[in-house]
Amino acid sequence: MEDEAVLDRGASFLKHVCDEEEVEGHHTIYIGVHVPKSYRRRRRHKRKTGHKEKREKERISENYSDKSDVENADESSSSILKPLISPAAERIRFILGEEDDSPAPPQLFTELDELLAVDGQEMEWKETARWIKFEEKVEQGGERWSKPHVATLSLHSLFELRTCMEKGSIMLDREATSLPQLVEMIVDHQIETGLLKPDLKDKVTYTLLRKHRHQTKKSNLRSLADIGKTVSSASRMFTSPDNGSPAMTHRNLTSSSLNDISDKPEKDQLKNKFMKKLPRDAEASNVLVGEVDFLDTPFIAFVRLQQAVMLGALTEVPVPTRFLFILLGPKGKAKSYHEIGRAIATLMSDEVFHDIAYKAKDRHDLIAGIDEFLDEVIVLPPGEWDPAIRIEPPKSLPSSDKRKNMYSGGENVQMNGDTPHDGGHGGGGHADCEELQRTGRFCGGLIKDLKRKAPFFASDFYDALNIQSLSAILFIYLATVTNAITFGGLLGDATDNMQGVLESFLGTAVSGAIFCLFAGQPLTILSSTGPVLVFERLLFNFSKDHNFDYLEFRLWIGLWSAFLCLILVATDASFLVQYFTRFTEEGFSSLISFIFIYDAFKKMIKLADYYPINSDFKVGYNTFFSCACVPPDPVNISIANDTTPAPQELSAVSSTDMHQNATFDWAFLSKKECLRYGGKLVGNNCNFVPDVTLMSFILFLGTYTSSMALKKFKTSRYFPTTARKLISDFAIILSILIFCVIDALVGVDTPKLIVPSEFKPTSPNRGWFVPPFGGNPWWVYLAAAIPALLVTILIFMDQQITAVIVNRKEHKLKKGAGYHLDLFWVAILMVVCSFMALPWYVAATVISIAHIDSLKMETETSAPGEQPKFLGVREQRVTGTLVFILTGLSVFMAPILKFIPMPVLYGVFLYMGVASLNGVQFMDRLKLLLMPLKHQPDFIYLRHVPLRRVHLFTFLQVLCLALLWILKSTVAAIIFPVMILALVAVRKGMDYLFSQHDLSFLDDVIPEKDKKKKEDEKKKKKKKGSLDSDNDDSDCPYSEKVPSIKIPMDIMEQQPFLSESKPSDREKSSTFLERHTSC
């Protein structure tokens, strides 16, 4: 028996296969613990009052048997041991699985105070560490906090903590209003249960009520190295001549100790800036550990108050205390006490144990929580990891939900490798989206959208009351103005100024403002699009060739298209959006993003062509370059200095006078004046402006780089959190202002933003209203239905694909979508724009994504070291409405807007195009083509889909994108919407090329991080399902005698606290606590 290995009866059912993500985020425990090679069974000692406990032991022993292990489909190894459900898991499942209507337990702030000496005389409780999510220690020297780091615990300290919970006082849901009352309650309980001698009451009370010195106070704190030099001054004080009698002891206790305790927070607590890291409803958990020389056995107590109470200066921050853990022990074990204190503090910061601590009914519940924590512990070999190395907090924390779901019940969802993991919808889709369910009633979807959005209408206005909304308004306004000017200019060229820049401004303002006020998804931004521009050009040329009235013909096309869109609304046709999977969405959004990037560089190249760089220019040959202004007609030019007008007189000189004045010096005119008066520029240096192009590219690339850098400034290490967040929110506006100032200081005449200054139609041949009859034959009104069908497809596809992208699950929108309501208002606005001869507007993908990115919300308070959590998007109607109102008022702001260089706005275009590609799986898969296998990220689809299949899917997507780009660049661009619709057919065809299993990972609308979370939950549920099936054959209830963690727990078997029996060999190697409990 001495050579036999210890049998771990709990290992088989807790077999855990760690994936890379779990290992990466859970390296939190180090230590190797000596486990005895021999096993000697404990002798069962009889107790006079332990009949019930004895019967329980015997029943458990009888029911404790080996069972066969249930193998998973993906596990090749088998175990000879039969699984037994973990008693800790069973009890935790009962605790966390209870239905409780009470709110979730609040966030805990845990503080570790240790009993240290001041100048070798007085003892004080000094703060040495604190926790919210991660551990922060007082650095050596005691003048600053360490950086937050993952708490690394010794496994031995966890065993000792478990023993503390077994043998110490557990007081749950007690009531106290002050620290002295609470201390007295604890000490009396220890005396009543025989754990403390009555003559030690005053000494323990005196010790527990000593001052608390926090790190915020500017005092002479010692380093952590002095923790081991704790003091036995309490004993000296009690044995001094002044404290010889109990009466004198009591008087000293009152005067020296209780006067140091206040029920109200101190000024240092109220001024502590660390409160910003805590939510408003946070509570405190205080851990007090120390060594004294008047105790022979450890004094251990764990207290949970019925209601959290402010206990004066006990805690660093002014938050009420809910939990109190006390450990006072004999001298010589300061290091062990310190590690036990860190262990309980770390457990209190663990989300699962945190919930158990709040819901525990007795001691066994708490012990089960510790066992569950030990089940999840990762042990690092002591020779392969230095515990002094502080582990940086991970960027993304592993979700505790998968641990909680294992115990809280729920469906046992199993994933079949031959079927899609999302439920069998062939690659995701939106079948589970309530907004896209077909009602089968006339306008049923529209009515449901109205009912869904009506309750939020008021909140859509007051939810915008945040400084973040201002930055979004300015950013999107400048993007919208630039877009309106660009498309307005192109539209004017395509339609002979029948629609121009001013019409673009007015149409954008009217359509956008009405849409944002009444549509189902006000975060969507309307704008003109490339396909609409192509259609307008073709329609104008067609009307011109056949002598049709262009505006009237366009009016009837718009009316027919609006009518068809309303039919689609009435028949709930938006349910077809559920067939737009990731393949279609990413193809469309990536194409639009690439168009933005391409157009930004195209405009800069065009600018460089207009202001060329003269590469032949040489500094030493300045005389070779010249440029002169000559009159348009050959006249006898004689230089007469006395007749040459002064510069200030040029404005009074007319073109006719200049032609008639033969003695006028044309060479005196500037370039603009020469061209204005009909002159000609002659010379090889007339178009040479060397600085404009270079300066424009500096502004262009500088704006883009600055926008990207300032947007990421939120995660930098500089400045306080509030300042970083403010800079990040206003990143685009700051970049624009910075480079506008640089442009003004340098003084180079770069091209500026030109806004119409008069409110009138661009063409004098049109008005603000288009009559519907009289310009074309009657049959044209009916024939307009044919091109209107194409426009309807264009509008429907652009609008709904953008709406799907805006309403993605990862945006965490809470007020719901409104696909039918959005399309309804697009149709109504099309009628208005058709009658006013304004451009048609539809949802703009890139600007809408930029709008959402500028309104993303994160947690206001996050624990030190913890990344802010994304909460969702600030859903409201104010930002979009004000953006379009300002766009309409831009005509009156022309004197201000003219100072903005166009290269700066092109840089904003480039930023929007690149930023909208972030988080797109298509781009991630493109990068995989350039990565060696060992450097590829841990994407969920790479775990389940062969790499060659991933590359094949990416190749097909690139091919479709290339075809769409080629189509867009030709005259056939008018059928661009039809080709977008063809992407759906291409995706359906992939069902014959890829298995549903592969498509479910490659073409799923579920975000990557949520998909990992789902998979981990399914693994846990599958594991829980096997445990449930085993539990049907076992009626073994929970007992602390049964091992419940992955490693042998025989050394932790409970023994009578005041046992008088002779300890066995195993007991001799037990913890320090067991060595002091035989008094």
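For all residues, glycine too, the Cβ spot is worked out from N, Cα and C.
As annotated by Swiss-Prot, compositional bias 'Basic residues' applies to 39-52.
Residues or ranges marked as compositional bias 'Polar residues' in Swiss-Prot: 251-260.
Residues or ranges marked as phosphotyrosine in Swiss-Prot (evidence: similarity to another entry): Tyr30.
Residues annotated as phosphothreonine in Swiss-Prot: Thr49 (among others).
If you look up Swiss-Prot, you'll see Ser61 (among others) marked as phosphoserine, on the strength of similarity to another entry.
Summarising the annotation, Swiss-Prot assigns phosphoserine to Ser223 (among others) and lists similarity to another entry as the type of evidence.
The feature phosphoserine is assigned by Swiss-Prot to Ser232 (among others).
Residues or ranges marked as phosphoserine in Swiss-Prot (evidence: similarity to another entry): Ser233 (among others).
Here Swiss-Prot flags Ser245 (among others) as phosphoserine.
Residues annotated as phosphoserine in Swiss-Prot: Ser256 (among others).
What Swiss-Prot records for Ser257 (among others) is phosphoserine.
Taken from Swiss-Prot, the feature phosphoserine applies to Ser1026 (among others), supported by similarity to another entry.
Under the heading phosphoserine, Swiss-Prot lists Ser1029 (among others).
What Swiss-Prot records for Ser1034 (among others) is phosphoserine, and it gives similarity to another entry as the kind of evidence.
Counting only same-chain residues 6+ beyond the ends of the region 'Interaction with CA4' (748-779), those with a CB under 8 A from a CB of the stretch are 481-482, 485, 492, 496-503, 505, 548-549, 551-556, 559, 607, 689, 691-692, 695-696, 699, 834-837, 890-891, 893-894, 897-903, 905. The annotation region 'Interaction with CA4' is assigned in Swiss-Prot to 748-779.
In the predicted model, residues of the region 'CA2-binding' (1030-1033) average a pLDDT of 45. What Swiss-Prot records for 1030-1033 is region 'CA2-binding', and it gives similarity to another entry as the kind of evidence.
Through the fold, the topological domain 'Extracellular' (895-901) approaches residues 478, 481, 696, 699, 736, 739-740, 743-744, 750-755 of its own chain, all at least 6 residues removed from its boundaries and within a Cβ separation under 8 Å. Here the topological domain 'Extracellular' (492-501) has Cβ contacts under 8 Å with residues 484-485, 533, 536-537, 540, 550-551, 755-756, 761-763, 765-766, 837-839 of the same chain, all six or more residues outside its ends.
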